[in-house]
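Engineer: Attaching a single structure in structure tokens format; questions to follow.
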Amino acid sequence: MRALVKTSPAPGLELTELPDPTPGANDIVVQVFRTGICGTDLHIDSWDEWAARTVPTPLVIGHEFAGEVVAVGSAVTQAQVGDFVSGEGHLVCGTCRNCRAGRRHLCANTRGLGVHHNGAFAEYAVLPEQNVWVHREHVDPDVAAIFDPFGNAVHTALTFPVVGEDVLITGAGPIGLMAACVARHAGARNVVITDVSEHRLELARRVGVDLAVNVAETGIADAQAKLGMSEGFDVAMEVSGQPSALRETIENMAHGGRIAMLGLPAERFQIDWSAVVLKMLTVKGIYGREMFETWYSMSVLLQSGLDLSPVITHRFPCTRHVEAFETARAGRCGKVILDWTVR
């Protein structure tokens with residue numbers, strides 16, 4: 001099979017031939033149709049400090065994918081050959097306190113598909129049965145391939161009630177855009193998104209936000225005034241990882257406001273804890289997806305008409321992976337998809 005491999009501890013990836021995988025007793029083999037390029041994949045490609053201390057080589061990378069089950073292990077009980085599936089990229093231990101309590105997204109022993117174990121940027125991928133979501137209704141393969149980051153967006157957007165609320169989203173990358181789609185679809189009153197990239201802000205306008213703000217030019221307080229708001233945002237979603245974004249978010253929250261924080265800062269930073277206390281704010285960290293409640297929510301949202309198509313802006317055959325990665329890294333895009341069905 002063809003696979004995109006980090007062959008050595010150095011920058012770059014190689015599209016190479018590997019033996020087709022075989023399933024263990026509890027595993028399934030998926031013929032991969034589409035994959036999505038994630039920021040994690042860009043880190044592994046460039047071989048930055050994080051990748052060098054985290055990722056073993058050689059390794060098939062990639063964790064966002066969709067495809068068809070083509071083989072199952074002897075102990076598999078639910079997935080069947082022919083099922084169309086997406087993959088959950090977090091591999092959990094199944095034996096810790098949280099796993100045994102059904103809180104698998106809180107497993108302290110989580111490992112990453114395409115980070116610690118061979119991933120899905122290949123014509124075939126193998127993973128545990130418990131890590132696949134079977135699509136019972138039709139889902140576009142491109143959309144099915146990004147259920148992993150879509151799940152991050154849904155987990156973030158729905159962790160607090162948004163019906164009738166004024167919502168602020170800091171960061172208009174693919175996850176921020178999908179979070180905006182979800183918040184709007186779920187009944188938020190105003191949805192405001194911020195970024196410093198006009199290209200991404202234009203994508204946000206296409207998905208239907210009420211206001212897209214370039215914070216290099218305009219403050220969030222000015223956005224409040226433009227929408228006729230006077231008491232601050234009820235719910236915020238920080239997905240940029242920028243310290244300044246969280247600081248300005250706190251300044252613009254309503255008393256009793258709630259902040260879902262998915263963005264990962266590159267280093268420690270200070271915030272105004274006095275404002276958090278005096279405003280009685282709730283700040284909640286978000287990591288991955290709730291397995292598999294978030295996946296159920298994703299499917300229901302799509303079945304009820306949520307449209308993610310504007311978020312997917314570029315598609316490449318896997319043979320043009322270098323161009324695809326360059327496009328994703330440049331940032332003038334939404335989600336970038338690799339097609340593994342073309343030779």
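Cβ coordinates come from backbone N, Cα and C, glycine included.
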Engineer: Can you match one of ILE175, ILE220, ILE312 to the NAD(+) site that Swiss-Prot gives for ASP195, ARG200, LEU262, GLY263, LEU264, ILE286, TYR287?
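Structural biologist: Swiss-Prot lists ASP195, ARG200, LEU262, GLY263, LEU264, ILE286, TYR287 binding NAD(+), and from ILE175, ILE220, ILE312 it also lists ILE175.
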Engineer: Let me know the most crowded of the binding-site residues, choosing from CYS107, ILE175, LEU264, ILE286 and counting other Cβ atoms within 10 Å.
Structural biologist: ILE175
Engineer: Quick one: pull the CA-CA distance for HIS63 (Zn(2+) 1 binding site) versus THR40 (active site, charge relay system), whole Å only.
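Structural biologist: About 9 Å separate the Cα atoms of these two residues.
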Engineer: Out of HIS63, ARG200, which has the highest number of nearby Cβ atoms, where nearby means within 10 Å of its Cβ, if these are the binding-site residues?
Structural biologist: HIS63
Engineer: Taking the centroid of the Cβ atoms of CYS38, HIS63, GLU64 as the Zn(2+) 1 site, which other residues of that chain lie with their Cβ within 8 Å of it, listed in sequence order?
Structural biologist: THR35, GLY36, ILE37, THR40, ASP41, GLY62, PHE65, GLY89, GLY114, GLY119, ALA120, ASP148, PRO149
Engineer: Check the Cα-Cα distances from CYS107 (Zn(2+) 2 binding site) to the recorded positions CYS38, THR40, ARG200, GLY263, TYR287 and tell me which is shortest.
Structural biologist: TYR287
Engineer: Find the one among the binding-site residues CYS38, GLU64, CYS96, CYS99 whose C-alpha lies closest to that of ARG200 (NAD(+) binding site).
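Structural biologist: Closest candidate to ARG200 (NAD(+) binding site), judged by Cα separation, is CYS38.
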Engineer: Using all protein chains in view, find how many other C-beta atoms are within 10 Å of the C-beta of ASP195 (NAD(+) binding site).
Structural biologist: 26
